[in-house]
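Structure record follows, encoded as structure tokens.
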Amino acid sequence: MERGNHTVTEFILLGFSTDPVMQMILFVLFLGVYSLTLLGNTTLIILICNDSRLHTPMYFFIGNLSFLDLWYSSVYTPKILVTCISEDKSISFAGCLFQFFFSAGLAYSECYLLAAMAYDRYAAISNPLLYAQAMSRNLCLSLVMFSYTGGFVNAIILTSNTFTLDFCGDNIIDDFFCDVPPLIKLACDVRESYQSVLYFLLASNVITPTLLILASYLFIIAAILRIRSTQGRLKAFSTCSSHLISVTLYYGSILYIYSRPSSSYSLERDKMVSTFYTVLFPMLNPMIYSLRNKDVKEALRKLFKLTPSSI
């Protein structure tokens, strides 16, 4: 990659602050969040694998979501921790490329997986007696495989187009990881074709899954309204409340950053939003899907041999 008369071999990640005290505070905070992310998602995966009552399509998708969140957080947080305590803020060109690729692949895969989970909730509520037949093992596996394949194929398209841009000026990334907005700021000239690629990827990986989720919830609402008892309606809606919270938080932050023209990127504001969906969101997901879930609580009690009153 040429920049002027020499080759760009590395980028400098500015992170959040240059103040040593603040960097140490951030290190402790991010270490705590990362530890909770690893603990929460790993525990949820173990519970789903070990407890036969959780061997249902819904928990199969939740387990895959936890798997994605484990790797998604691990793409960013270890480098953030190193940047906070080390004077060396550099990341190699290859390291930036691979971080960019895996973060995009995992993020896109999660978009598709959340759409598959919305369809699963529709199948469960619209016809609960035929739920097991409608969401067969082969269908669930196919939906998950499509999520991963679609996510990483589109990540290849984004990465190849981004890292063939001509970077000029400083090689300083005003962010804590390699992402589209800060890299575009370093590009000499963002071609119109590249902007078209961004809009295509936004449409295929974010807008389309969002529309599928909205359609699923319209059918879910229609199915809930056909339930006669108020208690039955509340019980049906409660089975999708966790997924609805997860979708709102994840898609809201992604659409905020990537649905705008590149000329309107604000790195300081985007940095805070990026922190939420890259670092905090993977920690929150296990809590969202387990705190009010009786099956997960019972599986946790069984795993650690706890009394019902202790969890």
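Including glycine, each Cβ sits where the backbone N, Cα and C put it.
The domain 'G-protein coupled receptors family 1 profile' annotation in TrEMBL covers 40-289. As annotated by TrEMBL, transmembrane segment applies to 24-47, 59-77, 97-119, 139-157, 199-225, 237-259, 271-291.
Proximity of the transmembrane segment (139-157) to the transmembrane segment (59-77) is established through 3 or more Cβ-Cβ distances under 8 Å for residue pairs spaced 6 or more apart. Along the domain 'G-protein coupled receptors family 1 profile' (40-289), the predicted structure has mean pLDDT 87. Counting C-beta pairs under 8 angstroms (sequence separation of 6 or more), the transmembrane segment (24-47) fails to reach the transmembrane segment (199-225), with fewer than 3 such pairs. Long-range contacts of the transmembrane segment (237-259) within the same chain, counting only residues at least 6 positions beyond its ends with a Cβ under 8 Å from a Cβ of the stretch, are 58, 65, 107, 110-111, 114, 117-118, 121, 124-125, 180-181, 198, 202, 206, 210, 213, 217, 220, 224, 270, 273-274, 276-277, 281, 284-285, 288-289, 292-293.
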